[in-house]
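Contents: one structure, followed by commentary.
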Ligand SMILES: NC(=O)C1=CN([C@@H]2O[C@H](COP(=O)(O)OP(=O)(O)OC[C@H]3O[C@@H](n4cnc5c(N)ncnc54)[C@H](OP(=O)(O)O)[C@@H]3O)[C@@H](O)[C@H]2O)C=CC1
Ligand SMILES: O=C1CO[C@H](CO)[C@@H](O)[C@@H]1O
């Protein structure tokens with residue numbers, strides 16, 4: 001079934017729907033229905049990760065919709081991510097095969113290194129010492145990248161990419177890559193618009209995917225009184241003037257700057273309204289106005305692994 005979602009051409013010639021649905025924090029008991037609803041509404045891009053602990057239930061929705069004849073596998077764009085405990089070269093393929101099994105699919109459209117920093121290998125996603133501190137591994141993400149490349153050649157993934165990599169880390173990957181990353185998935189919204197990293201990536205043929213585009217109000221570490229992006233009066237004023245919701249303005253902001261965007265919701269009405277963004281466009285003036293709201297406001301700082309040699313937000317400028 002045709003969907004109205006526009007496609008973005010990636011550097012390797014494959015195409016990615018510019019709008020997808022996120023699945024972090026979507027509980028196993030609710031994500032199957034959410035992804036079924038999303039596919040019915042017209043979403044064709046689903047953002048997943050092993051560490052979200054719900055790939056099996058996402059896969060159930062995908063299989064059901066393929067079985068019903070609503071979509072074909074080749075009409076979907078499915079992303080997953082290699083978790084930090086599987087960076088060692090000999091663990092990479094097994095981690096991918098596990099995600100493929102969970103998702104009930106023969107191949108992924110995109111497989112990302114979830115974070116540059118490696119954690120101690122083993123059964124725990126967040127291995128900690130007696131003091132509760134994350135245990136690191138010194139595997140270099142450049143070696144992890146080299147282990148991803150054969151997966152493309154084997155046909156298990158169409159494309160490979162990065163997530164949460166800073167400009168220096170991307171440069172190091174590009175120095176060794178025989179298959180280039182097509183995407184860097186990073187936090188991106190008006191409080192952290194990532195203009196420098198976006199320009200840097202685009203100059204190297206790497207597209208940006210914006211995660212937490214609505215400010216991730218359900219992030220587990222949010223405290224009462226923390227700023228909420230969707231409550232911003234300046235954004236509310238723009239949305240009121242345009243007769244749209246703030247979420248629609250935030251999604252359109254990314255689309256209008258050529259950024260792939262993956263808002264998460266498990267609420268059918270929101271999944272629908274977040275997709276209902278193809279009948280309007282922000283003016284260049286509104287995009288510029290929203291650009292001025294940037295304030296280095298990061299909602300996903302990954303404080304648990306501060307001190308890691310490869311923490312992307314600690315030592316480098318952008
Ligand atoms: N690569 C990485 O390291 C990361 C990747 N991601 C990916 O990006 C996705 C999106 O980011 P995420 O952090 O989840 O946060 P989002 O910015 O997408 O916000 C999700 C929250 O917004 C609510 N929401 C959704 N639509 C609306 C709406 N129209 N009006 C009001 N509230 C709304 C959702 O509620 P409800 O569901 O209850 O409707 C949920 O609480 C993730 O799910 C994941 O797939 C995210 C973080 C890190
Ligand atoms: O995608 C993400 C959301 O959940 C993970 C676990 O807390 C984060 O590390 C990651 O950025």
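In case you wondered, yes, glycine gets a Cβ from its N, Cα and C as well.
Curation does not apply to TrEMBL; its annotations are automatic.
Pulled from TrEMBL, these are the features on record:
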- 19-292: domain 'NADP-dependent oxidoreductase' (DOMAIN)
- 52: active site, proton donor (ACT_SITE)
- 81: site 'Lowers pKa of active site Tyr' (SITE)
- 114: substrate binding site (BINDING)
- Task: Select the most exposed residue of 81, 114, where exposure means the fewest other Cβ atoms within 10 Å, treating these as the recorded positions.
- Result: 114
- Message: I need the CA-to-CA distance for residue 81 (site 'Lowers pKa of active site Tyr') versus residue 114 (substrate binding site), whole Å please.
- Response: 5
- Query: Within 10 Å of the Cβ of residue 52 (active site, proton donor), how many other Cβ atoms can be counted across all chains shown?
  - Reply: 21
- Task: List the Cα distance (Å, whole number) between residue 114 (substrate binding site) and residue 52 (active site, proton donor).
- Result: 11
- Message: Please compute the mean pLDDT of the model over the domain 'NADP-dependent oxidoreductase' (19-292).
- Response: 98
- For residue 114 (substrate binding site), the three-state DSSP class is coil
